[in-house]
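The next block holds one structure in the form of structure tokens; read it before the comments.
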Amino acid sequence: MSPERHKITVMDSAGEMGDEIQPRSYWRWSKQDFFPEDSFQNWSAYRSALSHTVTRLKDRVASCSEDADEIEELKKQSENEMKRCLSWWDLTWFGFGSVIGAGIFVLTGQEAHEHAGPAIVLSYVASGISAMLSVFCYTEFAVEIPVAGGSFAYIRVELGDFAAFITAGNIILGSIAGGAVVARAWTSYFTALLNRHPNSLRIHTNLTDGFNLLDPIAVAVLVITSIIAISGTRRTSYFNWIASAVNMVVILFVIVAGFVHANTSNLTPFMPHGAKGIFVAAAIVYFAYGGFDNIATMAEETKNPSKDIPLGLLGSMSIITLIYCLMALSLSMMQKYTDIDPNAAYAVAFQRVGMKWAKYLVALGALKGMTTVLLAGAIGQARYATHIARVHMIPPWFALVHPKTGTPINATLLIRLASACIALFSSLDVLSSLLSVSSLLTSTMMAVALLVRRYYVRGITPRNNLLKLTFLVLVIIVSSVGTSAYWGLDPNGWLGYTVTVPLWFLATLAISVLLPQERIPKVWGVPLVPWLPSLSVAINLFLMGSLGAQAFIRFGICTVVMLIYYVIFGLHATYDIAHQPKKPTSSKISEDDIEKPKA
């Protein structure tokens, strides 16, 4: 944004000001930068806002955004635009950099040892199918709404402001926990590289088990990768290319060398804990696919989103799914699942088959992989936070984009400093299950949002069709939850599925037959709608149900904290922004802009 346009924005948001005002510095700390909304101007205004909490909550639940607002209007909150400098090639490598890291190198060993055994490869197949279905949904939205907000922006358009807040809370929770998980894993592999015990560089304390090993190295890694990320997206992309290329060479070595030293007897018993163990592991290793949504958040920095995002997302995720399955199989064939080291599985496995030197190569490759995950994560997660701040769910100070670097420095610091605090004391098993719940819930909401986008357009779809869609989507969700619950209660039973599975099938079929699609994507869209998004809902909820009760207790506590924050701040800030006078715009979507299917 130019200095003159910046001057107009300041005048519009701050009231009467002189014509000679100069552009404001990026580094500023006034109350107006954090709490500019009317509800926070004084204690009297805040008490008045709190007294209208119920009314405002009803307004926010029923309120949805528009494509044009997300694409054009909200960008003004950042004062400076992000630089369009990425191609599909950059996005593909960012896909590798975002995804391949701690998940495959750490969670594979952990889950093969604890839950799945050699059938860990099937866990990766199950979670890979779920992730790929989510990728389809993300891709369609990212092409049509190319903004930094990713799933938050998409759900805000289709499911409303309150549902978007739930998504925002999960995104921020996932971003903070995800960075902490990878940073802790970085320390484990660094100690393997030094031929030391995984916890030898952590500080032992008398805190509760799971929080008693302080990890200053994880904090340092988070800080360093954040500094690189905020220096510029293009520069980070170059670094990501190099590190990811090296990482891919190491991965190919792991796969080939693993099969060379394979012993098929290690695959017996293949399913030591039965099908339940496979899906428990699948729910947790879903985290290994996490990060693909970071590509969608780079839409504002992509040269041609309609072409580059589908190529980058679908291309990278297809290859990654194959790589994961091959790596999981090679590990299971090298070692008996009971002997797998859950902290540094691949490095220790090569050491035990006589390739001690390979242990260091694998550890080095894993470190490079996790470094690129942290780099790409710093970019994607900060862009989520930037767009969340643009709508004032968190203070708008975090929406600012630096005029020289073209990066959201404040948002990067918000996510990464919080990650550093968590990484300092929380263990991997505490974080990974919590992260899986958050990621799977967001993916489920994305699939629901896609169904709504295809079958409902405000002001056009008849109310009767809206009621049908709402009822059928609820049946899909309830039947999917029922299938998951029955699985948890009786893994070897079958009677309950004769009710829940047909209900899911009939509800999906009813949407397909009874409701016309109101919107057909003009460039790229999910195939086989409503079947694929409905299947995505079912699989995601099934995997969520496979997680232990402790994960949901932790997630519930985090959700309560989020809702308290929303009632105290987010609700009133977003209400004020939504009801302030807006300038007329001609970029809203009209009925003529919607391409309907041919009869």
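Each residue, glycine too, has its Cβ placed from N, Cα and C.
Feature annotations, reproduced from TrEMBL:
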{"type": "COILED", "residues": "54-84", "note": "coiled coil"}
{"type": "TRANSMEM", "residues": "85-107", "note": "transmembrane segment"}
{"type": "TRANSMEM", "residues": "119-141", "note": "transmembrane segment"}
{"type": "TRANSMEM", "residues": "162-186", "note": "transmembrane segment"}
{"type": "TRANSMEM", "residues": "213-231", "note": "transmembrane segment"}
{"type": "TRANSMEM", "residues": "238-262", "note": "transmembrane segment"}
{"type": "TRANSMEM", "residues": "274-292", "note": "transmembrane segment"}
{"type": "TRANSMEM", "residues": "313-334", "note": "transmembrane segment"}
{"type": "TRANSMEM", "residues": "360-380", "note": "transmembrane segment"}
{"type": "TRANSMEM", "residues": "469-488", "note": "transmembrane segment"}
{"type": "TRANSMEM", "residues": "494-516", "note": "transmembrane segment"}
{"type": "TRANSMEM", "residues": "523-545", "note": "transmembrane segment"}
{"type": "DOMAIN", "residues": "524-573", "note": "domain 'Cationic amino acid transporter C-terminal'"}
{"type": "TRANSMEM", "residues": "551-573", "note": "transmembrane segment"}
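Each residue in the domain 'Cationic amino acid transporter C-terminal' (524-573) gets a DSSP state, and the totals come to 40 helix, 0 strand, 10 coil.
When each of 238-262, 313-334, 494-516 is scored by its Cβ pairs under 8 Å to the transmembrane segment (523-545), the top-ranked stretch turns out to be 494-516. The stretch in closest packing with the transmembrane segment (313-334), judged by the count of Cβ pairs under 8 Å and taken from 238-262, 360-380, 469-488, 494-516, 551-573, is 238-262. Ranked by Cβ pairs under 8 Å to the transmembrane segment (85-107), the stretches 119-141, 274-292, 469-488, 494-516, 551-573 are led by 274-292. Counting Cβ pairs under 8 Å to the transmembrane segment (360-380), the stretch among 119-141, 238-262, 274-292, 551-573 with the most such contacts is 238-262. Put simply, of 119-141, 238-262, 551-573, the stretch with the most CB pairs closer than 8 A to the transmembrane segment (274-292) is 119-141. Mean model confidence of the domain 'Cationic amino acid transporter C-terminal' (524-573) amounts to 88 (pLDDT, 0 to 100 scale).
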